[in-house]
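Right, one structure below, let's go through it.
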Amino acid sequence: MKPKLLFEQLLSRQDLSSDQMQEVIHACMTGEFSDVQIATFLALMRMKGETVNELTAAAQVMRQLAHKIDLGNPLIDIVGTGGDGRNTFNVSTACSFVVAAAGIKVAKHGNRSVSSRSGSADLLEQAGFILNLSDSQVQNCINQCQLAFLFAPHYHPAMQHARAARQQLGIRTLFNLLGPLINPAQVKRQVVGVFSTNWLKTIATVLANLGSERSLVISSQDGLDEISIAAKSEVVEYRDGNFKQWFISPEDYGLKHSSLDAIIVDSPEQSLHLIQSVLSGDSGPARDIVLLNSAAAIYCAKDGISFDAAIEEARIAIDSGKANLCFNKLRLLTQTLNKESNHE
């Protein structure tokens, strides 16, 4: 599709067909479009608003171009779209250790920051984790720690063609929405946080279109892309072919309604400090938001468990020291695996 025709169509607020969307995403991902053309496309899509069909088609192309990894199933991913502009610490990354410590295998798909102050990869590298691992090393992480981090650039090398355009734009784009939809381990269960309640049903429907067995898509009424401690959060749950809407407030589960101020960070260092505090058992707003969001993943991963019981499992995973042990064990394992591969 010629860029000029594409831009005219989007300027007139006409949606793209699935075929058109696949063609355009392929052009973006193979270097056919220039940085300016990619940025223009992303900005116009943002202005028009991305549809279920467009996102499904885009994710299908991204999955086809990805380097896939088979880590077995069941697996879960906990991920946010970002783009909420709130600069909270890396809640979903912290939750990964808690959920793994609760006995659930987690394939956490993440990247460096594009529009926030601390992406999951920025945080993990600050903590000393080695992210550039081979497939067999990643499998080793899952086997030994129930958790592996899938560094997006390694599995989606085609994304390099859009990186400059995304960084120069510096705003939420289509790719924030796509990130949670293209886990290279092809997880069947996911908790996805989105930056606006307007996107809940859209993202849940796209996940269903892409073969998800069960998903929770979450957004809080204060604009956080996860369950909030400062406001009611809305959930669209997909399970057994059906969608269900429900709400979560911290008070419903014996947790305090708190300001977000205590969980705002300016850097990966600050985010790491908060995560280590939570995993060490410290109480406060950071712990509460990790409990709520870890519980969402445990609830999504386990059949027949209540949300109350999931919160208790998350609490035990932290207070027993298992979540902190998972953090330290996985960090050491990634370092050891990296040294071994360097000596081969």
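Yeah, the Cβs are placed from backbone N, Cα and C, and that goes for glycine too.
Features of the protein shown, as given by Swiss-Prot:
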BINDING   GLY80, 83-84, THR88, 90-93, 108-116, SER120  5-phospho-alpha-D-ribose 1-diphosphate binding site
BINDING   GLY80, ASN111  anthranilate 1 binding site
BINDING   SER92, GLU226  Mg(2+) 1 binding site
BINDING   ARG166  anthranilate 2 binding site
BINDING   ASP225, GLU226  Mg(2+) 2 binding site
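Known features from Swiss-Prot, placed on the structure.
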residue: GLY80; record: 5-phospho-alpha-D-ribose 1-diphosphate binding site; Cβ neighbours (10 Å): 28
residue: THR88; record: 5-phospho-alpha-D-ribose 1-diphosphate binding site; Cβ neighbours (10 Å): 24
residue: SER92; record: 5-phospho-alpha-D-ribose 1-diphosphate binding site; Cβ neighbours (10 Å): 25
residue: HIS109; record: 5-phospho-alpha-D-ribose 1-diphosphate binding site; Cβ neighbours (10 Å): 24
residue: ASN111; record: anthranilate 1 binding site; Cβ neighbours (10 Å): 20
residue: ARG112; record: 5-phospho-alpha-D-ribose 1-diphosphate binding site; Cβ neighbours (10 Å): 19
residue: ARG166; record: anthranilate 2 binding site; Cβ neighbours (10 Å): 21
residue: ASP225; record: Mg(2+) 2 binding site; Cβ neighbours (10 Å): 29
residue: GLU226; record: Mg(2+) 1 binding site; Cβ neighbours (10 Å): 28
Minimum Cα separation from ASP225 (Mg(2+) 2 binding site), reported as the residue among binding-site residues GLY80, THR88, HIS109, ARG112, ARG166 that achieves it: GLY80
Assigned conformation of HIS109 (5-phospho-alpha-D-ribose 1-diphosphate binding site) - DSSP reduced to three states: strand
Minimum Cα separation from GLU226 (Mg(2+) 1 binding site), reported as the residue among binding-site residues GLY80, HIS109, ASN111, ARG166 that achieves it: GLY80
Rounded Cα-Cα span from ARG166 (anthranilate 2 binding site) to ARG112 (5-phospho-alpha-D-ribose 1-diphosphate binding site), Å: 12
Cα-to-Cα gap, GLY80 (5-phospho-alpha-D-ribose 1-diphosphate binding site) vs ASN111 (anthranilate 1 binding site), nearest whole Å: 11
Alpha-carbon distance [ASN111 (anthranilate 1 binding site); SER92 (5-phospho-alpha-D-ribose 1-diphosphate binding site)] in Å: 13
Integer Cα-Cα distance in angstrom, ASN111 (anthranilate 1 binding site) to ARG166 (anthranilate 2 binding site): 13
Conformational class of ASP225 (Mg(2+) 2 binding site) under the three-state DSSP mapping: coil
Distance [Cα-Cα, Å, rounded] between ARG166 (anthranilate 2 binding site) and HIS109 (5-phospho-alpha-D-ribose 1-diphosphate binding site): 19
